[in-house]
Amino acid sequence: MFGYDIGISGGVTSMDDFLKKFFPAVFEKKHHALENNYCKYDNQFLQLFTSCLYLAALIASFVASKVCSKYGRKLTMQIASIFFIIGVILTAGGINIEMIIFGRIFLGFGVGFANQAVPLFLSEIAPPNLRGALNISFQLFITIGILVSNLINYFTTNVHPHGWRISLGIAGVPALMLCLGSILICETPTSLIERHKVEEGRKVLRKIRGVENVDDEFDSIIHACEMAKQVKDPFRKLMKPVSRPQLVISICLQIFQQFTGINAIMFYAPVLFQTVGFGNDAALLSSVITGLVNVFSTVVSIYVVDRAGRRILLLEACVQMFISQVIIGIILFKELKTTGDNLSKGEAIFVVISVCTFVMGFAWSWGPLGWLIPSEIFPLETRSAGFAFAVSTNMLFTFIIGQAFLSMLCQMQAGIFFFFAAWVIIMGAFTWFLLPETKGVPVDAMVDKVWKQHWFWRSFMIEDDRPDVKVV
């Protein structure tokens, strides 16, 4: 559902029928004889259609954090599915711009609730040796959602005049799947025990592990829950030095994930490929190709993450993404002028290949690991609150990039790719110096086995939980 929402907006906003109905000024600019190649889609309301979803998700994630802790992961996912269904009805049936933007806002509420609950659910039911692979399945299905949306846009772009309604309406399928699926699944043992349903938690733990003797893991969860009960205000605990490493890393990973430029490319892939000279059908087909690359590269991550570890994937991807961004920037800077001819066919194809190389690097690293690492590094007492910060930061910067990208493309032109390449260098340095390896470490053993061993973060691991003591 989240992936479908990311992918569908770029294709829909490049469809002439949609633009004529809701954004006639953009439609006229797009078909003007002397259009600026970089500025043909620069319109704040058009960008708001895409990005308002993420602003709504930001706000919803903090409410979802409370719901997740108090009522469980399962109910939070059920609420998300209801928001999704309302959003689909409003967007697919939209008759004016206000209606479709309100629909996107409801979809954003769904994203905020789902993104809060699902990664925590996966981390808590997974055994440590499979936690990385299972959690990355979250990202895998985001990429599948993007791919499906690209395929649907490719076929509906020639269905006049309501192809865009079909594209937006098919989002109801995953919304209903989430609604039904969230009824069938069990709650996590951690959430049950945290909410004083101890025996039910033991029963579920036996069920998901497939063995009768789960005493060691059960005792570990009981201990974590007892520690969590001592923390009356998890958001206040997050502000203490002992929570600084997890909070800083989670927030930085979300910022860096967006400043790779990935969502700018995935939101607007059809628009970007039209900018360099592909027709509408060819542009949508090119975005299908990048969607396929996205899916298969995420599968690579599932296989590798619990073998090679988190750090090596992130560092390798920084090199790959940097080279790809620089190549795209150089080609556009040298060959694509503001008006007149587009790139030659060979140059445009090379841009698509470079975009695919970039997407490949992101999809087996910063994409899935940006969600995996924050879901596994917080102790139970601050897990839901800490992950709410991660989700809300992701949504804030997704909103900023979504709202600003087309204007940045217009103003910075090819320089936008050098802008993102510079951020990739910063991300690589952060990973090298400040991100410890968490491969194979049990979630509730992170403090002793990871943070207390790290050259920088161990200075924050001060054993002082007294509420009125300020540690300098």
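A Cβ is built for glycine as well, from the same backbone N, Cα and C atoms used for every other residue.
These come from TrEMBL:
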- 1-439: domain 'Major facilitator superfamily (MFS) profile' (DOMAIN)
- 45-63: transmembrane segment (TRANSMEM)
- 75-95: transmembrane segment (TRANSMEM)
- 101-122: transmembrane segment (TRANSMEM)
- 134-152: transmembrane segment (TRANSMEM)
- 164-186: transmembrane segment (TRANSMEM)
- 247-271: transmembrane segment (TRANSMEM)
- 283-305: transmembrane segment (TRANSMEM)
- 312-333: transmembrane segment (TRANSMEM)
- 348-373: transmembrane segment (TRANSMEM)
- 385-406: transmembrane segment (TRANSMEM)
- 412-435: transmembrane segment (TRANSMEM)
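The transmembrane segment (385-406) makes contact with the transmembrane segment (101-122), as judged by at least three Cβ pairs under 8 Å among residues 6 or more apart in sequence.
Contact between the transmembrane segment (164-186) and the transmembrane segment (134-152) is present: at least three CB pairs lie under 8 Å, with pairs separated by 6 or more positions in sequence.
Here the listed stretches are 45-63, 134-152, 412-435, and the one with the most C-beta pairs under 8 angstroms to the transmembrane segment (283-305) is 134-152.
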